[in-house]
Amino acid sequence: QIKLKEAESCAELSEPTTDPEHSGRDLRAEIRKLKKAYKALSSQKESEVSALLAEKDFVWNQYKTMEKDYETLLKKKKMEAAQATEAAEKLQQKVEELQLQVVAQKKDDDVGRLQAEANDAKKKMLVLEDKLQKMHSLVSEKDDEIQKLKSGHLQASQKRKKDISGTHRRSRSEGPSVRGKSKGIPRRQMAEEDQPETSQKRQCASSLSSGLALRRCSSRMTHLKPASSSSSPAPQQVLFHSSFKVPKLKAPAPPPPPPS
């Protein structure tokens, strides 16, 4: 720009004069100056263009380098993302496996606890079966005692009937005087005979009540027995037969009045 201004100022100074020779020399001088200015301006423009081209190449190279770096970084990030996804999937798989292990362990614990409870129940069942067997044995013993008491009661009643019939026969065979004297003796004998019979009847009633209590307890134990043992029930002892009747207890005879 400075050289162009100088050329313009030279052109302004070189005005045509009246002298042709002088004006020709001035024109040639101005042409030379213009050529020099053009050369200087062209060289300057060329240098500016070369500088711009060099800057363009530098920027292009920088762009290519940045693009390569970006592509490398993008590939790296994609690989990291893939690795992170794979690690997350593995972690999820491990979590699921741990959950399955926890569930399996819990099931094993539940199975062990149920087995322990089943063993305890079996032990209790065996204890109850032993108690039930003992109760059945006691009931059978009470049945034997009741049978013995029944037989003793029958023998005593038969003996008492025989004694009473014999006493009536003697009283009929004897006279009225002897019957009046011996009036108090049979009554006393009958009262003495009735006393052991009454005590036997009371013992029989107490045995019957205890036998009934044992029978109720054994029925309760049978209801408490688990369903698993129902397939092989123990033989039950019969406490009373269908033909058995409870004997009626007679009130003891009042003592005879003292002889007057």
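Each residue, glycine too, has its Cβ placed from N, Cα and C.
TrEMBL lists 74-131 with the feature coiled coil. Feature annotation from TrEMBL assigns compositional bias 'Basic and acidic residues' to 139-148. Summarising the annotation, TrEMBL assigns compositional bias 'Basic residues' to 158-171. Taken from TrEMBL, the feature compositional bias 'Low complexity' covers 204-235. Taken from TrEMBL, the feature region 'Disordered' covers 1-26, 139-260.
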For the coiled coil (74-131), the mean pLDDT of the predicted model: 92
DSSP-assigned states of the compositional bias 'Basic and acidic residues' (139-148) in counts, ordered helix, strand, coil: 10 helix, 0 strand, 0 coil
